[in-house]
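Asker: This structure is in structure tokens; I'll ask about it shortly.
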Amino acid sequence: AQLRYSVPEDREPGSSVGDLAKDLGVEVRSLATRNLRLVSEGGQRHFQVDLAAGVLLLDSRLDREALCGQSPTCSLHLQLVMENPLQLHRVEVDVLDVNDNAPQFPKPEVVLEITEVANPGTRLPLEVAEDLDMGSNSISTYELSPSEHFTLSINVRGDGVKMPEMVLQKALDREKVAVHRLTLTALDGGNPVKSGTAKVTIHVLDANDNPPVCDPPISKVYLEENVPVGTLVTKLNVTDLDEGPNGDVEYSFKISNNAPGKFTKLFSLDPRTGEIRTKGPLDYEESSAYEIAVRARDKGSPAMEGHCHLRVELIDINDNSPEIVLTSLSSPVQEDATPGTVIALIGVKDSDSGDNGQVRLQIAEELPFKLVSSFKEHFSLVTNGPLDREKASGYNITVRAVDSGSPQRATQKTFYLRIADVNDNAPNFSIPFDTAHVQENSLPGTSVFSVLASDPDEGSNAKLSYSILHNGMQDVPISTYFRIDQDNGTIYTVRALDYEQDKVFQVPVEVKDAGSPALSSTAVVHVFVLDENDNAPTIVYPSVPKGSAFHQTIPALAEPGYLVTKIVAVDADSGHNAWLSYQLQETAEALPFQVERRSGEIRVAQALRDSEDPHRLVVEVRDNGTPSLSASVVLVISPEENSVQDFAKSLDLPKSSPKDTNLTLYLIISLVSISLVSCVMFGVVAARCL
């Protein structure tokens, strides 16, 4: 918003200027909570805000003449900044003039000379009085004390200044009156009227009776501000009807109180030709116009002079670049900020005028921001689309200010806006399904597997913690078998695992971030237990109590290849750990028997001798694990005369009962069956997870 107040100068400090709370449409009690601050653009503090009453007060006595000089308007610019939400209000206070200054002449006495042969109508310029007040309080008119020879004429200069001149009304006679003494009074338009006076002394001279005449007496010239030094401004047209020295004119600047010689630093005057040229760089922003007074004096005796008044108005050239002022910046901004959220308040200034001072702001179109004009020369930078910190954690925003001059001038300002993270991304596992293997009988605390998850957020929103969920697939909670390090996602065993009891586990793992609200995701780790050779073979047949022997009789005439018996053993392990081999323990004497390594069949290896004593055999069953485990059984084989030989049992080993002897076939069938069961189980698990 933009507020405008007016206050007369010389008001006492503490006087009320305006009701801010009412004009802004806010409650008085909210001013303090919204941290209302007053910022003066000029750097000087003339006002203060009463937060309790919500009014703008004078902080010091104002002097319009000291603040604004001779400017027709006098305005002080303030800025009110309120937070929550951030708002900028512009306040313009017009300082009204009070008639507190009386007109004053540069000199208390003015001495003039005039020839006695001067014709009626001759004009004598008088000093212009100065009144620091403006408008109606400035100089309104002049008055001259009564005289039979002189009257007062008032001309208005191009800038509105009234210039008094004395006009000769009646011919002079020096021999009668050599000196005329008058009083010039300057009156202002205030109420009450104030005045100032100056004494005017006129000496009547003899002879040279034609003064130089400037044609026209008041002229105006337009000049561009960037013209080079030495440019001709104008050549004065002055004529003097006298001849000889009385008509030879010399030119010089006339310094008046209103123009105290400043233009003499910028312009030069040729005293003989009357040419006025520039001698210094001109700046429209410093002064847009110059009033030049020139005195044209002849060389007569006494010398006569005329006066020329020239107004030089400068044409503005686009020689100043715009200036960008970053008033306020809210950084960082939340990535979930809604479109239209105010990010920054930006002001722009250009010292040029007209189109040269008209400035527009631009930012890159691809940025998710836009500029909104708040009021003259003030803009708000607001969001124009969704922000995503994971795509862009910040923006280098370049604001470019371009004026409307020809050629255009531009400037730019870059600032960095940081985007604050919001927990809008759930953690994500690199692989949602994974497998791990662990040896059975591993010690509790053995590392099984490490899951890895990532979160594109930052800070606490990206701080991850892992946990194991109970999936209900095992009778016993999965947490009794495994635990997970909540910081790094490493899975450890809680107790020793038994392959023979559980061959595979599904371990559902959840990862959760520390945001608010927290986001999570899950993954499943299939833990396969690897078999270890921890079970020794068990002899199923013959079943003999520990420490006893199994007795078997055979015919005394049994031939080589005769099947004595078959040792049957099993191993609770699997794979290589369950592959069994049979062998006879070595004895001091050779035995007429042999055992098949894979089938466990004991056969007669050589013909038995008559009347042989019983043979004691120790058959050892050993698995294929590392280290290998074994079991043994003691057989006592007794040959008997009356036993009848079963020729079926004397068949060669390769031809005897293939279903009983081909252990390798059984193993192959077992492995194929286990593989098929595993494939079916994996299919069921995958279907359930999907």
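Note: Cβ is positioned from N, Cα and C throughout, glycine not excepted.
TrEMBL feature annotations, pasted as is:
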- 6-105: domain 'Cadherin' (DOMAIN)
- 106-214: domain 'Cadherin' (DOMAIN)
- 215-324: domain 'Cadherin' (DOMAIN)
- 325-429: domain 'Cadherin' (DOMAIN)
- 430-539: domain 'Cadherin' (DOMAIN)
- 546-656: domain 'Cadherin' (DOMAIN)
- 663-687: transmembrane segment (TRANSMEM)
Asker: For the transmembrane segment (663-687), could you work out the same-chain residues 6 or more beyond its ends whose Cβ comes under 8 Å from its Cβ atoms?
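Answerer: For the transmembrane segment (663-687), the far contacts come to 433, 504, 506, 526, 574, 579-580, 598-599.
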Asker: Within this structure, do the domain 'Cadherin' (215-324) and the domain 'Cadherin' (430-539) have 3 or more Cβ pairs under 8 angstroms, counting pairs 6 or more apart in sequence?
Answerer: no
Asker: Mean pLDDT for the domain 'Cadherin' (106-214), rounded to an integer?
Answerer: 85
